[in-house]
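Take a look at the structure below.
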Ligand SMILES: Cc1ncc(COP(=O)(O)O)c(C=O)c1O
Ligand SMILES: Nc1ccccc1C(=O)C[C@H](N)C(=O)O
């Protein structure tokens, strides 16, 4: 990538950025503008040392004793999922005992959808979802329905019209707050209220929300949610995911994967499942200590972050990118598909382009790493913890250069 002179007004925006110092807490490879933190967050610098400690010290030296070592201080491996849950809870407006960490987002979607169906009113047999929802959400709903003898209907409708479909036959509403293609953000609070007024249980996928902007599940009175550890939470490839279950559902919601690590006393080795208090009951099997440790350490980057400042910066970055790329739409077949309205935008900007796949390949070649998504989407993710307006400017110039070179 050639070195460009960054204009003063970009540098001025960066000079006023209250989160500017956070960038130094990440390893960002040279010669690259990395706009894919919505798929795999960058590496926080503190993670490798933690992993070295966990592998050499806790695994290598302390061995099996690490499961209980430091339990009095809450430092044992057994409680690691709970410690990570508490850190995520702060970012999504939940109480610590309403969050469980482990497994993938897909598996957690299965768990909370099953739980939601278990607390839904009698006679309701529809799972309502966005026709363009992320595939895993659709597939998990299909799989769960098959397991239940295909007694349910998966009703797929456009997310923008969801209100019109909140009927008396709907058991659960399964929605992803920020669309992975367009970056369109749904009003979680308003939709939750409308659904609940119709007796519908809500399940939110926060994959592109958690760590990208403040989420207030308690304030919204949401029922259930899931999210990824490896995107905006920067927990590393395949990081454990999280689920949220509102306290009021803990007693009644079924635990579909009732494993021994969700038992009230795993080492009692009892014959029957007695759930642990709170959302811990949803932790099915042995905690993934190495990846949980990486996520635990990565979350400490958020410890002193004001989430409102994070949101303000995210919007400034995406506004700047939209403004800089706008003149190109007049010259090239580039169409903005991300809402300009702040309230309806996540932390990414996407465009349609007839040769999106090839354009993204050229951009990646030029060191601007974003994503191509079928059928014709160019997607650029912005992570307010480590991006600067200078990055945004370089990325926009890169888009211009690639489009010009292709004509
Ligand atoms: C909305 C959404 N849900 C779920 C997932 C992923 O689930 P998993 O981590 O199980 O692959 C993704 C991305 O992969 C996603 O964008
Ligand atoms: N988990 C992955 C593994 C491999 C490649 C991409 C992903 C993603 O996370 C994709 C992302 N969910 C998306 O919104 O497109």
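The backbone N, Cα and C atoms fix where each Cβ goes, and this holds for glycine too.
Automated prediction, rather than curation, is the source of TrEMBL annotations.
Owing to the predicted nature of the structure, the values given are computational and were not obtained by experimental measurement.
Listed by TrEMBL as binding pyridoxal 5'-phosphate are 105, 106, 134, 135, 136, 137, 205, 208, 230, 260, 286; the candidate from 176, 318, 320 that the record includes in that site is 176.
Among the binding-site residues 105, 134, 176, 208, the ones whose Cα sits within 10 Å of the Cα of residue 231 (N6-(pyridoxal phosphate)lysine) are 208. In the structure as shown, the Cβ atom of residue 176 (pyridoxal 5'-phosphate binding site) sits within 10 Å of 26 other Cβ atoms. Classification of residue 176 (pyridoxal 5'-phosphate binding site) by DSSP places it within a strand. For residue 105 (pyridoxal 5'-phosphate binding site), the Cβ neighbour count at a 10 Å cut-off comes to 24, with all displayed protein chains included.
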